[in-house]
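Engineer: Mind looking over this structure? Questions follow.
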């Protein structure tokens, strides 16, 4: 962790706590807050362009609506994968052009198609006959992208059960595009959500996308866009990139050689997760005379939870463990192997008994009310998942560390040439 991140946390805690006095504690001084190191985004962009230089990242906006994150990616040269009109409007409100957006949701309300037509969002995904006919009726000039089924069957949360055309349906859908005199811009797939580790799922997706291209050419269509989806994380990206490069070279050899292939991807977590750290405050401490089952006797209750920034604990059973404790403005690292630790459990602020962040956490035994716990990798699917359950709201105040190398990473976004 960069020293500047640690200092940002310490300084903010000292500031908010300096405003309190006995009997007069401001609610704002107890609100959880983020520190975001925007330099991390620039480093990730450079790593992406080194590993997959011919693939343009279209950031999956659903993972984070943070405007500074989005603006930094836009400056680097990213496009944007939007799954709703609201996400499209967010991107456009930041002065980012419509040509940098792909509407990736395969099943959309009719009203959104009319708005996309009005706003100039041309690249739109479908995966079934009903959706294609809906597009034909409401937005016939759209540049359609056929999403095919490509999933990792070992994944705990497979997406293929919800979206993606089966191989048996590809031929009929391609022929229907031709029959309706519409444009098939290309093919896409989404191998798995961000817990994916099976790079072979991406290879299967690329091969199925190549089948879409082949069948399209047989009926006189000329697709040029390959969208290899999302699911990339720090731990899986290099493995996936190493499998994707040769698969594209093998399956799309002539298009690559002739410069007739535009390749997109939809990374979300890869860019949004690690730049953000979250500090939450301990609001209560309880020690039971007898442990409940195998749980530790000590329980800590925090001012956040699964209905706020820890929703991924509920969705995919993700484990969260603090990397530091801040006490009276001083940072205490919790990752050092030599430090003394005590078992405890971390509980969220709601009245739901399932609102537990970690049932077996090892922390400084002195942690108590008023201390802050710092968590890393908190940028993806956190603020976007906040609810108002129990009446709680989240301020989600964020302190930004400005990027210093963005000019070196900056590239001019190359507009997709989608004319068929």
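Placed from the backbone N, Cα and C atoms, the Cβ positions cover glycine too.
As listed in Swiss-Prot for this protein:
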- 351: active site, proton donor (ACT_SITE)
- 194, 231, 266, 267, 268, 269, 381: pyridoxal 5'-phosphate binding site (BINDING)
- 315, 316, 352: substrate binding site (BINDING)
- 62: N6-(pyridoxal phosphate)lysine (MOD_RES)
- 351: S-nitrosocysteine (MOD_RES)
Engineer: Tally every other Cβ atom lying within 10 Å of the Cβ atom of residue 316 (substrate binding site).
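Structural biologist: Excluding its own Cβ, the number within 10 Å is 13.
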Engineer: What kind of secondary structure is residue 267 (pyridoxal 5'-phosphate binding site) part of, going by DSSP in three states?
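Structural biologist: Reduced to three states, the DSSP call for residue 267 (pyridoxal 5'-phosphate binding site) is coil.
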Engineer: A 10 Å Cβ contact count, applied to the recorded positions 315, 351: which residue has the minimum?
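Structural biologist: Output over recorded positions 315, 351: least Cβ neighbours within 10 Å is 351.
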Engineer: In three-state terms from DSSP, label residue 315 (substrate binding site) for me.
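Structural biologist: Reduced to three states, the DSSP call for residue 315 (substrate binding site) is helix.
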Engineer: Check the residue listed as 'N6-(pyridoxal phosphate)lysine' against DSSP and tell me helix, strand or coil, would you?
Structural biologist: helix
Engineer: Using C-alpha atoms, which one of the recorded positions 62, 315, 316, 352 comes nearest to residue 381 (pyridoxal 5'-phosphate binding site)?
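Structural biologist: Among 62, 315, 316, 352, 62.
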Engineer: What whole-number Å value do you get for the CA-CA distance of residue 267 (pyridoxal 5'-phosphate binding site) and residue 62 (N6-(pyridoxal phosphate)lysine)?
Structural biologist: 10
Engineer: For a quick check of packing: other C-beta atoms within 10 Å of the C-beta of residue 268 (pyridoxal 5'-phosphate binding site), how many?
Structural biologist: 25
Engineer: Quick one: of the recorded positions 266, 268, 269, 351, which has its CA closest to the CA of residue 316 (substrate binding site)?
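Structural biologist: That would be 269, nearest by Cα distance.
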Engineer: What is the interatomic distance between the Cα atoms of residue 62 (N6-(pyridoxal phosphate)lysine) and residue 268 (pyridoxal 5'-phosphate binding site), given in whole Å?
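Structural biologist: It is 8 Å, counting Cα to Cα.
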Engineer: Which of these recorded positions is closest to residue 268 (pyridoxal 5'-phosphate binding site) if you go by CA atoms: 315, 351, 352?
Structural biologist: 315
